[in-house]
């Protein structure tokens, strides 16, 4: 009886899992890569490309491959990726053109070993020892080099002036903004001690820094989906694990930046009105706010986009350098102007230069709208009620948009093949995840939080003594994780209504939980969280947030693009990739902050304010 039960259990498990390991490994390997350095070092030719599997007659193996590929949590195994040393692996093939030899070679190997045909889908490159080692330098490269040279010269002149000028004379403000000494003081300053009204906002730096670490982690996982990997089954298996929901549904953490952007905007304006009630709140103020934001983000944004579009592609070489780095650089060349106008998420949204750059576009678009709304509501006695109404309205609007256009939260589309292709051609990513209206509830909530914070400045003691709020606050931090993890239970739902409802509520509910936690942080309800988030190092790392946000993806890709063999994926491999990316990102972000971000920002602000 026991034997029969065990037999039934084994059959049941096999039926649920769909395929066995033996069946899985009977398919053609998803990725194969010969030794690139050895190939070119021995004067060989190396070709890289993808191939579509097919068969002129019924093939049980092809049928199995197609069946496995239909599983949304699996890669598309009907398309194989090959990087072969044509002169050795394909020595038995003769031909005039390397691409033709490569295609015939893969076809012969696949036909002989698997009885399947392989048709070339895309050829990434064919290189020999005599091929040019890199793309030739052009006008764009020279222009960016000149700009970088001028910036470096400005820092040298500004720093020298700061060291040599007469301390008894009033210094030139324009030259002082380019002083590395002064900019280092700005980076390490503690402004909350100068103005106690800003002291409650000290945890903001910790929130920014910790959120960015989570973003870098998520992008490390995404980058591993895009490279040639030795064990793709690891990613496929982990994608169905409940803990994978933290990565797939955890993208909501980016909404923290949207909340903080609107909150800090409103907080500073309301604080100014409180200090100087005669301050005019009009169209001129709105223009100044927008210009201030543009001068804050645009210079560094365009510098990093320019760097990625030009000299990044010369940093290294390898079999995967072209599809990962050179392809990204080419997209940056085509779309740099959309980044300058902050519309890169709207114009040709599938053509992405820096996958994280959608956030800056959305943030700027919402900032323009929220600053206009702030000007209108700054002195309105019913501002809180209006903002609550707008918050609910944005949620309802997102529900109807999601339902009518069948758009889905990232939770429902976080599949290996979609991630590998950076969601190319996926409407839900373009028109929900990376669209301004998808983050509008967070922006409105940020304004609302600022109005509530300034309208109840004397309630600190009451909040600390309020049992209800203390319970809500203490539950808020674990509830952030629980809400993210809760998506696991509905991520396979096929109900159009359920998907649309979750898509509309996912980010707003997350933002409400985070906002509850923020109120507790700002009013210092809990000393433990306060001490963690106000750690001195977070203030420095938090001020470099823009640099970190812009630079980290380059390292995520570069660390994998320089590999000349298949990358093995594991928790430790991804962890090592994460720490390497973080280290290189912060090391790079420091000079970017000191030499590019702060001096250009301060110079432009002085020019526009004069």
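The backbone N, Cα and C atoms fix where each Cβ goes, and this holds for glycine too.
Keep in mind the model is a prediction, meaning the values are calculated, not measured.
Feature annotation from TrEMBL assigns signal peptide to 1-18.
Summarising the annotation, TrEMBL assigns transmembrane segment to 142-164 (among others). Cβ atoms under 8 Å from those of the transmembrane segment (142-164) belong to residues 171-172, 175-182, 303, 306-307, 309-311, 594-596, 599-600 of the same chain, restricted to positions at least 6 beyond its ends.
Residues or ranges marked as domain 'Acyltransferase 3' by TrEMBL: 206-560. Confidence for the domain 'Acyltransferase 3' (206-560), expressed as mean pLDDT, is 91.
Taken from TrEMBL, the feature transmembrane segment covers 207-226 (among others).
Under the heading transmembrane segment, TrEMBL lists 246-273 (among others).
Marked as transmembrane segment by TrEMBL: 294-314 (among others).
Sequence-distant contacts of the transmembrane segment (358-377) (same chain, six or more residues past either end, CB-CB distance under 8 Å): 254, 257-258, 261-262, 265-266, 269, 281-283, 285-286, 289-290, 293-294, 297, 301, 339, 342-346, 349, 352, 383, 386-387, 390, 433-436, 438-440, 443-444, 446-447, 451, 549-550. If you look up TrEMBL, you'll see 358-377 (among others) marked as transmembrane segment.
Residues 373, 377, 427, 431-432, 437-438, 440-441, 444-445, 447-448, 451-452, 455, 496-497, 499-501, 503-505, 508 of the same chain lie 6+ residues outside the transmembrane segment (384-405) yet bring a C-beta within less than 8 angstroms of a C-beta in it. Summarising the annotation, TrEMBL assigns transmembrane segment to 384-405 (among others).
As annotated by TrEMBL, transmembrane segment applies to 431-451 (among others). Tertiary proximity for the transmembrane segment (431-451) is limited to same-chain residues at least six positions away from its ends with a CB under 8 Å from its CB atoms, namely 251, 255, 258-267, 270, 345, 349, 358, 361-362, 365-367, 369-370, 373-374, 377, 383-384, 387-388, 390-391, 394-395, 397-398, 401-402, 405, 407-410, 423, 503, 507-508, 511-512, 515, 518-519.
The feature transmembrane segment is assigned by TrEMBL to 471-490 (among others).
Among the features that TrEMBL reports, transmembrane segment is placed at 502-523 (among others).
Among the features that TrEMBL reports, transmembrane segment is placed at 544-562 (among others).
According to TrEMBL, the transmembrane segment annotation covers 574-596 (among others).
Taking residue pairs at least 6 apart in sequence, the transmembrane segment (502-523) and the transmembrane segment (471-490) share three or more C-beta contacts under 8 angstroms.
As a quick check, the transmembrane segment (544-562) and the transmembrane segment (574-596) clear the bar of 3 or more Cβ pairs under 8 A, pairs 6 or more apart, so the two touch. Contact between the transmembrane segment (574-596) and the transmembrane segment (294-314) is present: at least three CB pairs lie under 8 Å, with pairs separated by 6 or more positions in sequence.
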